[in-house]
Amino acid sequence: DDGDETAYQQRVYAWCTTRWRMRQASESNVPPSHEDLLEEPYLPDPETNDHEIRAHNHTKPSLRVPRQIWDRLLGYQKAGLRWMFTLHQQNAGGVLGDEMGLGKTVQIAAFLAALYHSRLLNRPSIIVCPATLMRQWVREFHVWWPVLRVSILHNTGYAIRHSTDAADDSRSDSEDYEYDAYGDAPNKASRENLLRASRLVSHIQRYGHIIIVTYTGLQIYQDALLPHRWGYAVLDEGHMIRNPDAEATLACKRLDTRHRIIATGTPIQNNLTELWSLFDFVFPGRLGTLPVFNNQFAVPITLGGYATAGDLQVRAAYRCACILRDLIDPYLLRRIKADVASDLPKKSEHVLFCRLTEMQRAAYKAFLSSGDMEKIMDGKLQMLFGVDVARKICDHPDLLLFEDELAGVGNVGSRRLPPDYGDWRRSGKLTILHALLEMWQPQGHKVLIFSQTRQMLDIIERMIAQMSGIKYQRMDGTTPVQHRTALVDEFNRSPDIFVFLLTTKVGGLGINLTGADRVVLFSPDWNPSSDTQARERAWRLGQQRNVAIYRLMTAGTIEEKIYNRQIYKQFLSRKILEDPKQKRFFHSQSIRDLFSLTDFNASDSQHNDSESAMDAPADGSLVLPSGQGTSAQEFRPSEGDEDSDVNGSGSNRQNASHSPATAPIPSSANAAGEDEDRVLQSLFQMSGVHSALQHDAIVSSKDGDSQNVDQEASRIAQSARNALRDSQRLCRQADVRTPTWTGVSGHAG
């Protein structure tokens, strides 16, 4: 990075000199003057004029985008620059919510470069991002506009790492841990590191242009960062501030600038409170205080989505969703790949419901009848404890062995482990993963495997290490930040690396892994956006092959309930961001529903799982090719049933017949093109897969138009609008650096 001032000056001198000589159109050896070099970054390209984006007020200066930048942008990316310049003129911020893989980083880097080039920005800007993405930002700025000084404020950045008075400071290591929106706040910086940070910030404030810091680093170095004014504040993976009361969220909202941009492919992840938190950063007070927003919008919209909702609640939810969409629409730009990147290869996404092994089933039943479960039901033990145990059994029962000793170790070769620890035959999902890898390796695919925990990744790694001829890499939270970019680049370049093992938290954010064309999500996350972020690492701009994504879940267990909850959250997101008229109903689940186990026997090939079956439109049904050992029956919801229940009996699931586990698995594919249905058919011939469904068909399904909203629903919606206006008026009285009242934190409003 440009904490190395000498290297920065050398790069800028070479860049400016080259442009200056092109402008002179001569072979003169006369060097440019100091004044020439200072002026060069603000001049048009030597061979053509800048592209101008005119201001709405024609008396104001236009945004001049260097031609070398403009001509390399795609059409929708150019539209993104126009949108950001519109917000700039309004002194407002916005959420760049493009789907993952459409180049949000490129758009923001190009926009900031154009602002500095146009002399419309005379203050430095700050970019807050996960640690894994810091060097990606540096790389993009160096490629798109090398004259910008881009420094990293992190213990891996040049200015901190090469400080002349640098001393060992163990507390700086806390920067290496990925920020968790609901985790604990990190320790403050040591006096020595704070002095180094202050020097770097002062240098950037005086000479420009960009400083990059992690969410954790913003908290650690807030005493050095928050007193200064900034040209722009950019939050990459901005859903990190979805917890409105988190220390990192409050620190971001105290940054002194009205020009604020959030880049995130998942503006709504779990609930509308998180959407409020994001918008309160980019446009403080736009959605009022959090208590007003929850009472007037979040609660009515959420209640209208339950299966028990009355007609008035459903219609009021629609009206409130329309108002909310109109409030955020000017400040949210969201494009999806299907609309703007039609040349991308195809993507298919499959959910495989795997059978528990006998050991897993026995462990699951034992836990459900244990004293700990009784305590959970009586409220004497936290439910999250039970969730953790149940999920470990679903992944692999050995995760419950030596739990205290293994917590956080992440050591595959630990001598405390028995020789057969993590045997893949004891896990239904590992059995399927083993079969998939054996199938894909000779076909020339490259695979990403995501796990929620390092402990499960250890077990997967043990299995892969025992398979012949597999070369793999691994990246998790213990991987040093400075090594992560090299690992990603090596995987994308090398055809010999078959598997990349990643934790969802580290490998699922922002990085480009287009070298892979197969993605396996080993265990579901309560937050559907975590899984979505992970799967999009491969299906993005630059991908040349069709991508297939496989979600592995254990049938009839807590993982099905988690998946059910994921679908609900994704429909809630679509209701606000895309289509307020959609109507899909969900049952709320009790703790007893959550901790239950559905038994499947050999005669249930057409089993109707009333707790977890998902309905989807007829054209989204999964039909497997007919063949030996395959049930080719098709499951469709009843047509015209507007009130179809996602927990109901209409199922888009294909069930497997129970052929012997020794059914043959194809090791190669037709050279003309591989049909993923063959993969599914082969897996169905094993005893380990109970059923499968088309995930992308479910989440993209749409309902018919709702009926006209009646007078009472309109009154409820108008009351919500009026309450919000009153709250907005109070919020506007506060300074931009004052966080909005959440009911717990903040003061504005």
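Along the chain as shown, the residues are counted starting at 1.
Cβ atoms are placed via backbone N, Cα and C, with glycine included.
Residues or ranges marked as domain 'Helicase ATP-binding' by TrEMBL: 85-285. When pLDDT is averaged over the domain 'Helicase ATP-binding' (85-285), the result is 86.
Here TrEMBL flags 164-174 (among others) as compositional bias 'Basic and acidic residues'.
Positions annotated as region 'Disordered' by TrEMBL: 164-184 (among others).
Positions annotated as domain 'Helicase C-terminal' by TrEMBL: 431-587.
Here TrEMBL flags 604-674 (among others) as region 'Disordered'.
Positions annotated as compositional bias 'Polar residues' by TrEMBL: 646-670 (among others).
Residues or ranges marked as region 'Disordered' by TrEMBL: 700-749 (among others).
If you look up TrEMBL, you'll see 706-721 (among others) marked as compositional bias 'Polar residues'.
Annotated compositional bias 'Basic and acidic residues' per TrEMBL: 723-735 (among others), in sequence order. Beyond the ends of the compositional bias 'Basic and acidic residues' (723-735), by six or more residues, the same chain brings 284-289, 292-293, 295-297, 327, 747-749 to within a C-beta distance below 8 angstroms of the stretch.
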Could you put numbers on the helix, strand and coil content of the compositional bias 'Basic and acidic residues' (723-735), residue by residue per DSSP?
9 helix, 0 strand, 4 coil
